[in-house]
Amino acid sequence: MSSSMLFNVTTIVYMISMIVFFAFLATKNKQIGLVGSWAAYAGWIVQSAAILLRWKESYDMGVGHAPLSNLYESVVFFSWTIILIYGIIEVKYKYRVIGAFVVPFALLGMAWAQLGLNSGIEPLVPALQSNWLLYHVITCFLGYAAFAVACGISIMYLIKERQESSDGDSPAGGIFSMFPAIRVLDDLNYKAIMIGFPLLTLGIVTGAAWANYAWGTYWSWDPKETWSLIVWFVYAAFLHARITRGWVGRRAAILSIVGFAATIFCYLGVNLFLSGLHSYGK
Amino acid sequence: MTTNNKGFLQSLWDFFCSLKLAISLIIALAVTSIIGTVIPQAPNIPEQYIQSLSQTKLQLYEKLGFFDMYHSWWYILLLYLFTVNLVACSMKRLPRVWKTVTEPSLTLDEGLEKSLSLTRDLKLKGGLASLKDGLAGFLSKEFSSPVVTEKDGEVHLYAQKNPWCRLGVYVVHLSIVIIFIGAIVGSLFGYKGWVQITEGTSESKVLGRNNKTIDLGFAVKLEKFSVAFYETGAPKEFKSILTVLENGKPVSGYVNIPIVVNDPLTYKGITFYQSSYGPAGEGGTFFFTVKDRKGGAPIKITARQGESVQLPGGRTMHVTESTQDVRQFIPQMSGPAARIEVHSPGKQPDSFIVFRNFPKLDEDRGGDLIFSYDGSDEKFYTGLQVAKDPGVWVVWFGCTLMVIGIIMAFFMSHKRIWVRISSNGRVVVAGSASKNQPAFQGAFEELTAKMEKL
């Protein structure tokens, strides 16, 4: 049994979960929805085991480190955090259907990692040899994941809103009738961002502390740092916009999607298109 | 004139207090910040990039400060406006919130009752005094200890949880100002520098920004530098062994301190970070053994850096480059290696690599002379980042405050319960929460249901 086998199982289970969630949307059968969440949780448990196993494997190879050090490992971890945050929100607020819009993000991550990224376990270069790696990566990715969930909820919001305005108030309402009311989706969007924002803040603070420890400067306007600040600004604007009227609902949903696009650029775009301290493995 | 002036100040104040300005500034900062991540920033601007720009573009970028944009006047101005806005907004809203926290309305009058969405009418048995004691005891046990007020023949109970969390937002705002203060302190009283020290020597001056020399007031000696690689050729560790010298004498407790990336050395508020390394390029000596293919005793050769050495048969050799570990260039090999160039009279110079760990390898090259590399006493230099930042603790304090403030603001809710007991046994309960009212509604209903059974 190797971690990569378990990661393959994870990917397949997430795919099953997504398909079941889509069937749930089509049939509105609560039992099917339950199976969708259970599949997501089962995949998450397998993935947790796989991450721990990969951790152990790195020690067996003599280069032991937490599996958070390169692009492959971070994408896998991102996918894990997305399901975790989804689970927390589902258990707390009981809106199962959100899974149909959140599990695909986790699946996309796993599929990309398994098919397109180098999965080799590599030893840590000197700059990564620090406990701050753990604190920084965990807080950042939990934050990113909450924003991913908020983005999924916002997409649901926009669909639901459009469908409501075109259908008038016909009770049947197509397959989207089981979406929570737009008022609830708007609220859940804020709740997810209220989880993500403190975590992103912690991620930036731990990153600054690490940079100070490694290079003697907590802030150097490196592209990654700057983009993390841009993301922070977007969500800070989002939170303040809530206080003024007119920035709820549709505009808040759009801002949440823009925020997640900025998050993804901060995570991947900076590494792929811009040069700086975070170019993995270079 | 005076009224006009007042009007101007008032409108300026209103302008800076506005939340619309706050959102505009935050979005402006987010959007403009992108520029510096796309355009290379000083001092790391590649020459090719400058050449790829048209003259007009270059001039425009320079004028707008795009090459050092986070220090440009207009970006700094945005940050100042943001700070003023932040302070003004907080100052405007804080007094009212402060009042809610410190002077809560202890009695449930009709106006307050109407303003609250969670209210409940209960019919309880017992007299005023026994109801007061019973309900006060109940609230203490189930919620929090109430304040009891008697007014106009009625008894009012007021109990609350987490009133201070309402200040969370202002704690976050304050923390941002503190972080800015820390950054300013660091830029005024600190510096960032760089120093290069060769093994066995010491330095007391470092190179700051704009090539300014900064005297440390003490010296740092590099006792030894070493580098280690993984089998893959990836770097594993760069290590400098440092000793701090005061007036030429080692300082006790600061002798032979190993520093690696992520583990710097701090002395007198100045911190030294492992940053780069390289061959010192001076005084390095390379040792070789040379054997003639036709036989004869092997000869030991000593070649100093940059020096040509005579070989048998009128040939000469010199070392062109060397490494302590060849794995980073040739992954299947390991250990020290040197590239040498041999000049034979009337022939093209011959350039090849010899490896210390593979002494037999040069035989296969087929030359008349067979070389093996015995290593070098080449000296290294270490490149250290040097930083003095007396503001860094202020920044960490601000960051801690920010996290505390965010937790207060996002995850805690100010919950309040009012109870009015009339002499006829009529009890009105009302409640409110500063956050997540629907969740509080559940708790409120549970609480009042229990009260009903008292």
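Just so it is clear, glycine is given a Cβ too, placed from its N, Cα and C backbone atoms.
According to TrEMBL, the features are:
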DOMAIN    A:68-278  domain 'Cytochrome c assembly protein'
TRANSMEM  A:6-25  transmembrane segment
TRANSMEM  A:32-51  transmembrane segment
TRANSMEM  A:71-89  transmembrane segment
TRANSMEM  A:96-113  transmembrane segment
TRANSMEM  A:133-159  transmembrane segment
TRANSMEM  A:192-215  transmembrane segment
TRANSMEM  A:227-245  transmembrane segment
TRANSMEM  A:252-274  transmembrane segment
Given the cut-off of 8 Å on Cβ pairs that are 6 or more apart in sequence, determine whether the transmembrane segment (A:133-159) and the transmembrane segment (A:252-274) share at least 3 such pairs.
yes
By Cβ distance under 8 Å, which residues at least 6 away from the ends of the transmembrane segment (A:32-51) in the same chain are close to it?
3, 6-7, 9-10, 13-14, 16-17, 20-21, 23-24, 67, 76-77, 79-80, 83-84, 86-87, 90, 96-97, 99-100, 103, 106, 110
Residues sitting near the transmembrane segment (A:96-113): Cβ under 8 Å, six or more positions beyond its termini, same chain?
7, 10-11, 14-15, 17-18, 21-22, 24-25, 33-34, 36-37, 40, 43, 47, 72, 75-76, 78-80, 82-83, 86, 89-90, 119, 148-149, 151-153, 155-156, 178-180, 188
Which value does the mean pLDDT take for the domain 'Cytochrome c assembly protein' (A:68-278) in this predicted structure?
90
